[in-house]
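Step one of this worksheet: look at the structure below.
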Amino acid sequence: MSEANLTECELAYQLTYHPFYMIAQFWSFFVSLLAMPSLIFFMVEKVFKLPFHGNLKFLLVSYFIGTFLFASIICFTFGYHFFVPFFVTSNCDLIINATLFKYGHMIALIFMTIPMILPTAFTVERFVALKMAHSYEHVRTLLGPVLVLVVIAIDSMFLYDIYGQEKFDKPFINFILVPATSALQFNSFLWYMLYLKITNFICNLILLFIHKILHQSSRYRRKNVSLSVKYEMQEISQSSRFTLIVTFTHLLFFGWYVSTILLIRTVGPDFFRGFINYTVMRGVYCATPTYNLVIVFIGFKALNHLNFKRNNKVQSTIQIKSTGQEGAENYDNAISNYWDSVYTMNKSKL
């Protein structure tokens with residue numbers, strides 16, 4: 001029987017039991033299963049304890065909670081792909097129930113796309129923090145929650161525009177395969193997301209460059225600049241470097257996924273010598289689930305490194321020299337301050 005004449009049940013059978021497809025489904029399930037406790041541990045040990053401003057901390061907590069929820073839904077959907085074939089009694093049982101597909105597909109997309117857009121909110125918040133460096137430590141946590149709501153609203157609008165008229169009335173074999181009627185719009189959406197992430201990454205680099213210029217300028221090196229402002233500038237630098245690392249890592253994995261899936265759809269079935277192989281390649285979804293686990297290790301390493309540099313910077317900032325001409329001046333100033341305080345205390349007692 002030619003592939004063009006395959007029924008949906010026969011197609012589901014040949015796709016589901018394809019060795020490469022099964023290995024890919026198991027990999028996505030396995031890394032998602034590992035990612036869930038790893039993300040919880042990372043959030044408890046690191047993210048919830050970050051010394052960053054409340055606005056950025058709220059954004060980062062939201063980002064990693066979204067990543068955890070995405071790993072959870074991927075663990076369920078790909079676990080379904082891998083384990084259900086061992087228990088079915090007919091080929092048609094491999095077809096996913098339309099209602100189950102609708103909710104599984106949409107929930108997976110929501111928690112996949114929100115973390116895609118959230119790094120843009122990191123950049124907006126960081127630019128605001130840099131602009132208000134002299135007073136940002138006193139700003140209450142409001143911008144972060146507002147940006148999260150804006151991101152959710154924008155993401156919901158995009159997805160509604162893509163799936164608003166989708167009936168989900170076709171047989172479905174895989175939770176991540178976009179219905180044919182919505183595929184073109186979804187492809188355009190992925191391109192927009194890729195452009196957005198590249199632009200956001202460039203903005204992060206510009207932010208750090210501006211910060212470096214300001215930090216080296218005489219305005220922030222004067223002695224009359226308060227220690228709190230210097231600390232705030234240092235905090236902006238450290239937190240911006242961390243968000244840059246998160247943004248770049250997400251861009252790397254997401255860019256690989258988007259480039260691969262769009263290339264597969266562009267070359268079509270003929271390149272893969274048949275519709276079955278073509279569908280197998282479309283159903284392979286490893287890059288983004290792998291990111292959910294890898295970001296934990298990168299996050300731990302990045303924060304430990306930044307904290308080490310931060311502690312060294314703080315120690316070098318508050319250290320008082322005790323040798324040479326500067327050490328002698330510091331000693332004289334300390335003695336003078338001590339006797340001035342003693343004189344003031346004795347005078348007040350008289």
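Note that the numbers count up from 1, one per residue, in the order the chain is shown.
Heads up, the Cβ atoms here are built off N, Cα and C, so glycines get one too.
Here Swiss-Prot flags ASN5 (among others) as N-linked glycosylation site.
Residues annotated as N-linked glycosylation site in Swiss-Prot, with sequence analysis given as evidence: ASN97 (among others). Listed in sequence order, there are no same-chain residues at least 6 apart in sequence whose CB falls under 8 Å from the CB of ASN97 (N-linked glycosylation site).
A simple way to gauge crowding: the CB of ASN277 (N-linked glycosylation site) has 18 other CB atoms within 10 angstroms, across all the protein chains here. Among the features that Swiss-Prot reports, N-linked glycosylation site is placed at ASN277 (among others).
The topological domain 'Extracellular' annotation in Swiss-Prot covers 1-21 (among others) and is backed by a curator's inference.
Annotated topological domain 'Cytoplasmic' per Swiss-Prot: 43-57 (among others), in sequence order, evidence recorded as a curator's inference. With a threshold of 8 Å between CB atoms, the same-chain residues lying at least 6 positions outside the topological domain 'Cytoplasmic' (43-57) that come near it are 64-65, 68, 122, 125-126, 128-129, 136-137, 139-144, 147, 235, 239, 243, 299-300, 303.
Annotated topological domain 'Extracellular' per Swiss-Prot: 79-103 (among others), in sequence order. Per-residue confidence over the topological domain 'Extracellular' (79-103) averages 91 (mean pLDDT, predicted model).
The helix, strand and coil residue counts that DSSP assigns across the topological domain 'Cytoplasmic' (125-141) are 10 helix, 0 strand, 7 coil. Taken from Swiss-Prot, the feature topological domain 'Cytoplasmic' covers 125-141 (among others), and the record attributes it to a curator's inference.
According to Swiss-Prot, the feature topological domain 'Extracellular' maps to 163-189 (among others). For the topological domain 'Extracellular' (163-189), the residues of the chain that approach it from at least six positions outside its boundaries are 8, 11-12, 15-16, 77-78, 80-81, 94-96, 98, 101-102, 104-106, 108, 262, 265, 279, 282-283, 285, judged by C-beta separation under 8 angstroms.
If you look up Swiss-Prot, you'll see 211-243 (among others) marked as topological domain 'Cytoplasmic', on the strength of a curator's inference.
Annotation comment: Swiss-Prot describes 265-282 (among others) as topological domain 'Extracellular'.
As annotated by Swiss-Prot, topological domain 'Cytoplasmic' applies to 304-350 (among others).
Residues 16, 64, 67-68, 71-72, 74-75, 78-79, 81-82, 85, 283-286, 289-290, 292-293, 296, 299-300 of the same chain lie 6 or more positions beyond the ends of the transmembrane segment (22-42) yet place their CB under 8 Å from a CB of it. For 22-42 (among others), the entry in Swiss-Prot reads transmembrane segment, with the evidence type sequence analysis.
The transmembrane segment annotation in Swiss-Prot covers 58-78 (among others).
Annotated transmembrane segment per Swiss-Prot: 104-124 (among others), in sequence order, evidence recorded as sequence analysis.
Look at Swiss-Prot and you will find 142-162 (among others) tagged as transmembrane segment, backed by sequence analysis.
Within its own chain, the transmembrane segment (190-210) is flanked in space by residues 113, 116-117, 119-120, 122-123, 126-127, 130, 237, 240-241, 243-244, 247-248, 250-251, 254-255, 258-259, 261-262, which lie at least six positions past its ends and keep a Cβ under 8 Å from the stretch. Feature annotation from Swiss-Prot assigns transmembrane segment to 190-210 (among others).
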Close approaches to the transmembrane segment (142-162) from elsewhere in its chain (Cβ under 8 angstroms; 6 or more beyond its ends):
54-59, 62, 106, 109-110, 113-114, 117-118, 120-121, 124-125, 128, 182, 185-186, 189
What are the helix, strand and coil residue counts for the topological domain 'Extracellular' (79-103) according to DSSP?
18 helix, 1 strand, 6 coil
Going by DSSP, is ASN277 (N-linked glycosylation site) part of a helix, a strand, or coil?
helix
Would you mind splitting the topological domain 'Extracellular' (163-189) into helix, strand and coil residue counts from DSSP?
11 helix, 1 strand, 15 coil
In the same chain, which residue numbers or ranges, 6 or more beyond the ends of the topological domain 'Extracellular' (79-103), come under 8 angstroms Cβ to Cβ?
8-10, 12-13, 16-17, 22, 25-26, 29, 33, 168-169, 171-175
